[in-house]
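Below: the structure, in structure tokens.
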Ligand code: 5GP
């Protein structure tokens with residue numbers, strides 16, 4: 001798949017579009033999903049310009065998964081979910097809507113149904129409050 005530098009995550013990485021940041025490293029960025037499937041839904045992207053798992057370098061993917069593990073632990077500490085769904089989609093047929101590779105961190109509670117994928121825009125103040133709790137857990141590591 002060719003990489004479109006105008007995709008929304010490329011714009012976020014360039015600073016051309018806003019995001020509610022959770023953490024940033026040399027090779028990755030983690031930020032709140034604006035249409036979360038549950039409270040505390042975070043996205044992690046490698047900074048490398050790659051559309052999907054077939055295009056991304058081993059190094060960028062490894063860095064991304066290190067950040068996923070670190071952020072998932074912070075989400076667990078901050079929000080105390082009963083489980084954690086980690087997902088990554090490749091191609092429209094698989095449900096991918098943004099063509100910059102990303103990993104979903106979706107905390108789950110057994111009595112809270114999963115919301116539809118990329119459907120309902122969340123309130124920014126609510127997302128910021130959740131991000132603050134997750135950032136605090138990262139700082140307490
Ligand atoms: P995909 O379907 O490609 O796996 O997931 C894309 C995700 O990006 C969806 O969960 C959707 O809610 C989220 N998303 C789409 N546009 C934006 C945006 O502008 N900012 C943020 N933070 N998330 C977005």
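Every residue, even glycine, has its Cβ placed from backbone N, Cα and C.
Because TrEMBL annotations are produced automatically, they should be read as predictions rather than curated entries.
Under the DSSP three-state reduction, residue 102 (active site, tele-AMP-histidine intermediate) is assigned to coil, being neither helix nor strand. Cβ neighbours within 10 Å of residue 102 (active site, tele-AMP-histidine intermediate), excluding its own Cβ and spanning all shown chains: 22. The feature active site, tele-AMP-histidine intermediate is assigned by TrEMBL to 102.
The domain 'HIT' annotation in TrEMBL covers 8-115.
Outside the motif 'Histidine triad motif' (100-104), and at least 6 residues removed from its termini, the chain residues within Cβ reach (under 8 Å) are 3, 7-10, 13, 33, 37, 41-46, 49-53, 55-56, 61, 64-65, 68, 85-88. Under the heading motif 'Histidine triad motif', TrEMBL lists 100-104.
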